[in-house]
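A.B. asks: According to TrEMBL, the record shows the following:
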type	residues	note
REGION	1-28	region 'Disordered'
TRANSMEM	112-131	transmembrane segment
TRANSMEM	137-154	transmembrane segment
TRANSMEM	166-188	transmembrane segment
TRANSMEM	208-232	transmembrane segment
TRANSMEM	244-262	transmembrane segment
TRANSMEM	309-328	transmembrane segment
TRANSMEM	340-358	transmembrane segment
TRANSMEM	364-383	transmembrane segment
TRANSMEM	406-426	transmembrane segment
Amino acid sequence: MPLTARQRSIHNKNGAKRTASFTKGRKSRKSNEGEYLFTNAPSDLRSIAYPGGAVALALLLSARLASAYWGQIADCDETYNYWEPLHYLVYGSGLQTWEYSPQYAIRSYMSLWLFAVPAKILSYIMTPVSIFYTLKALLAVLTACSELMFYKAVCHEFGVHVGRVWLFLNLPAAGCFASSAAMLPSSWSSALVTAALACWWRRRYPPAIVLIAATVLLSWPFTALLGVPIAVDMLLFKGLYKEFIKWSIISLVIILLPTVAVDSWHYGRFVIAPWNIVAYNIFTEHGPDLYGVEPWTYYFVNGFLNFNIVWVLALSCPLLLVACSLISTRSSRASFCIPYWLSLMPLALWLAVFMMQPHKEERFLYPVYSMIILCGAISLDCLQKMTFAVGTELLRWRKERERRHYLVYTGPLVVMCVLLAGLLSISRIIALHSHYGSVSSLTSHVAPTTSANDVVVCYGKEWYRSSSSFLAPGHVRFIASEFDGQLPAPYTYGANATRVIHPYFNDKNRGDNRTYLQPSECHYLIDSDTGKPTNLQPHYHKKDEWEIVARVPLLDANRSHKIFRAFYVPVLTNKNCVYANLYLLKNKLIEF
């Protein structure tokens, strides 16, 4: 049975021309991708079913748009370092962190303007809440497009079977659900790196270089580490020195120069923000371990929560590849493919570096989420091959070993693993949504007024639960609490607010209460009934001067079972998890 047109387009597109160019003038000729697929595909698999580009894009868009709508902000850094400055660029008000102080200038305004320009245009016809979800939808669409590129490249480089397994593991993954629509540099880097690796595997080196440069200069400088394997391939294996240098220079000119110009204007002095963040985290004593210090087990636990068995398979990938090469005599890789060790080097480098750092956060692994799932898919493929190799020696498969394919006998294995991974991921997503999903809707109950900009919504001990000024009418401010670290402060009014150096900002996370309000100055207050009340953190919802406007359930993690709070299990989660209340309180003593 001949190959379908779609299979030929994936496996043979540019293949013959590329191989001919590499072997021009040589006596011996290597087979191209199309020839390899045709001669090595068993008759029963020449019509292998897998989602085409349109179907894959529809599936990816559905999953990512769902995360844009139902996903919650899990990291206060997303709110205060990105949504708040973005709100300032669009509306002229918002909260400023010390990273945006001209004294330190370790955050770039250039990347924010890429979202602020469409948001500014939409602000004439949309409310801030609608713009918030529109931008999240835009991030979701961009992520889905980069994942489609990755899926096609995986089918081309690692085989259609690995590609389709990657797709079905990726769609429900809890980690991808959390990262795909987040307003975070690590999320932008995830999409850019995913697209760059896809271009690399398709031997499209210029766009691969430009995309890596974009993630380094516009998003997160440390993702330069993920471009090392591409440089190794181009310089050491392909000898493409001129092309590498040319496109590196072009990328610097078209990306770095505008970035420096925009940031220098905002900060009022010459600024290279990507370098500043590298210098702060590497060349200062307090940069990498000022806060967020976690034990060495953090990423192992966090990886399992986000990817469950896929995480275990991904970590086992090197061993399974070696074992598979020793046990199985069947090979599905052609000589023109990039070696496994080089293709999977981005994940190995990233995990090796970030697992050794004392400062660990879930978002630090976002850029390699696609690679984690790819390694899991490759491990599943290895398990299938080894199962087939053992089965041909012990079972009746031996008689048909040469005529049949390993997927015919081991298909149920991968189906069971994909279903298990999907169920655990969905269970994790449901758990997070049921525990924290309603938090962002609380400020929607703030009553509209004729002068909404004068309304002040305050946070105390729940300071890290703010979903940004886009979802809170008026101004977000803080009152004193037991937290003694540094909190953001409002941007000053005026055209040059980004250039003002405030004395209460520092780079050592020392708290400063000069920008705090008294509770009596707040029109609304966010409070909860978790923990024991203290002088700085009383239960405001029990005081007479405060009226309860709305309340939403909030997981009390300290009083809930670790497993059943991490994964939703019908009946058992409700029995083993304890919920508190998050309150929106209205000040009875202020008329507005």
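Heads up, residue numbers simply count up from 1 along the chain you see.
In case you wondered, yes, glycine gets a Cβ from its N, Cα and C as well.
Could you tell me the structural context for the features on the list?
C.D. replies: When Cβ-Cβ distances below 8 Å are used as the criterion, the transmembrane segment (112-131) is approached by residues 82, 85-87, 89-91, 138, 183, 218, 262, 444, 469-471 of the same chain, each at least six residues removed from its ends.
Counting only same-chain residues 6+ beyond the ends of the transmembrane segment (340-358), those with a CB under 8 A from a CB of the stretch are 157-158, 193, 197, 201, 225-226, 228-229, 232-233, 237, 288-289, 293-294, 296, 299, 314, 317-318, 321, 333, 364-365, 367-368, 371-372, 374-375, 378.
Same-chain residues lying 6 or more positions outside the transmembrane segment (406-426) and placing a CB less than 8 Å from one of its CB atoms are 44-45, 48, 161, 165, 168-169, 171-174, 177, 307-310, 313, 328, 330, 376, 380-381, 383-385, 387-389, 391, 397, 567.
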A.B. asks: For the transmembrane segment (364-383) and the transmembrane segment (166-188), check the count of CB pairs under 8 Å (sequence separation 6 or more) and say whether it reaches 3 or more.
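C.D. replies: Contact between the transmembrane segment (364-383) and the transmembrane segment (166-188): present.
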